[in-house]
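A.B. asks: Below, the features straight out of TrEMBL:
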- His99, His101, Glu105, His144: Fe(2+) binding site (BINDING)
- His99, His101, Glu105, His144: Ni(2+) binding site (BINDING)
Amino acid sequence: MTMGSADKREEVIQAWYMDDSDEDQRLPHHREPKEYVSLDKLAELGVLSWRLDADNYENDEELKKIREERGYSYMDFCEVCPEKLPNYEEKIKNFFEEHLHTDEEIRYCVAGSGYFDVRDHNDKWIRVWVKKGGMIVLPAGIYHRFTLDTDNYIKAMRLFVGDPIWTPFNRPHDHLPARKEYIENFLREEGGGQAVDAAA
């Protein structure tokens, strides 16, 4: 069985465990040695991913199908870069505060790239690098954060079920039903193993 290049998603979405450095958040922050994380491992945390045709998003049948199947009725675009985003420095700091949402966060990168950091079962940071053509869904209740990479630019399609609610709940917000459901669905180990409770 061949590994790696067989999954086309890996050309536009890569993930790895982060180091503990306080250096510029826009750097890759690989551990030494590098420790990559598979997209299957991300799926175990509830993070879904697709590779789509970013040059044809208006007419992309695959995107249309995903939106219909998952009920993503709302769509807009967000450009994050110093020139396009008002209060850029403040917004970037806010995006990088660890938080959760009570709904899915769906981001489809149609240009540029950026990092979505998510917590694993043991509360370690995994950095998810999403490039043009990559779409990810972060489940409701997952602690995460976002930053640009050193190219300082992303244009992302934002999708939502119904009217969008972008409210971030900065950690800790373990009492929220969305967080409790996330722990129950994704952080409890199968087969009677010891549950990892990030609220502890």
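Every residue, even glycine, has its Cβ placed from backbone N, Cα and C.
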A.B. asks: Over all shown protein chains, what is the count of other CB atoms within 10 A of the CB belonging to His99 (Fe(2+) binding site)?
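C.D. replies: A 10 Å sphere around the Cβ of His99 (Fe(2+) binding site) contains 19 other Cβ atoms.
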A.B. asks: Neighbours of the Fe(2+) site His99, His101, Glu105, His144: Cβ within 8 Å of the Cβ centroid, same chain, sequence order.
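C.D. replies: Once His99, His101, Glu105, His144 are set aside, the remaining close residues are Leu100, Leu138, Ile142, Tyr143, Arg145, Pro168.
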A.B. asks: Just to be sure I understand the packing, how many Cβ atoms besides its own are within 10 Å of the Cβ of His101 (Fe(2+) binding site)?
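C.D. replies: Other Cβ atoms found within 10 Å: 20.
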